[in-house]
Amino acid sequence: MKALWALLLVPLLTGCLAEGELEVTDQLPGQSNQPWEQALNRFWDYLRWVQTLSDQVQEELQSSQVTQELTVLMEDTMTEVKAYKKELEEQLGPVAEETRARLAKEVQAAQARLGADMEDLRNRLGQYRNEVNTMLGQSTEELRSRLSTHLRKMRKRLMRDADDLQKRLAVYKAGAQEGAERGVSAIRERLGPLVEQGRQRTANLGSGAAQPLRDRAQALSDRIRGRLEEVGNQARDRLEEVRDQMEDVRSKMEEQTQQIRLQAEVFQARLKGWFEPLVEDMQRQWANLMEKIQASVATNSIASTTVPLENQ
């Protein structure tokens, strides 16, 4: 049933994500390449990557693993958002407490909406798996259609809230810049290592999220290759065995043919031995008969000639 869940989920996500790829780019035109934005992109990139695997690897995937990977990516995204927010709070400097509280509240609300969107998406996938498990082989077209519609709505809502959070953080950052004009140089020196660290963390997280699945795909490929080689060796051994059997049959047939030929020659010799004396005896009798007939004819001819002479 887990294999069925993976097979149904992956094609569905393929269609949803393929339709929404351009839409995601259009909804975040002003991306500043912040770590939290990269983490959010990895959340969707992971789903896109799953659908590129072969059917055999998709059958190997367990729904619990997909959920765990999504959970890790969600936590990474929210962690980066909190880290970026904390970084901006440290830069606010002498800003009015009322302004600080208002900005913090707006960012917190946008952050909560984004987290709720990702949590809702993960829960919806789990609910879909449970519904598939209870259908016991029945048609899942209606269920897939409903989930597809829900995922499209969730994608739009997620990108809308991400865009809203991006704008709130931009305002937050603007307030920080206004409140810390005298410390611009120091802030830039601090932001440089943080940005580089975020990029490095992004690269590590990106490769770390996909590496377990790549390892499983490679292991499965090795098993399939080994199985094919084993089947090929068995087929070759069987072919050699059949060839040997055919050679034995051919040898036996040639041997039997030779025996039949010898038996026929012996039988022919026997027949010749039986009939030759009869033929020779018949030839002798025929020759004697012909001699007797010729002698009788000659005697009759002489007798016929003698009688007329006596009458004269």
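The backbone N, Cα and C atoms fix where each Cβ goes, glycine too.
Some features that Swiss-Prot has for this protein:
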REGION    72-247  region '8 X 22 AA approximate tandem repeats'
REGION    150-160  region 'LDL and other lipoprotein receptors binding'
REGION    150-160  region 'LDL receptor binding'
REGION    202-282  region 'Lipid-binding and lipoprotein association'
REGION    258-312  region 'Homooligomerization'
REGION    270-282  region 'Specificity for association with VLDL'
REPEAT    72-93  repeat '1'
REPEAT    94-115  repeat '2'
REPEAT    160-181  repeat '5'
REPEAT    226-247  repeat '8'
Across the region 'LDL and other lipoprotein receptors binding' (150-160), DSSP labelling yields 11 helix, 0 strand, 0 coil
Averaging the pLDDT values of the region 'Homooligomerization' (258-312) gives 77
Taking DSSP helix as H, G and I and strand as E and B, the repeat '8' (226-247) has 22 helix, 0 strand, 0 coil
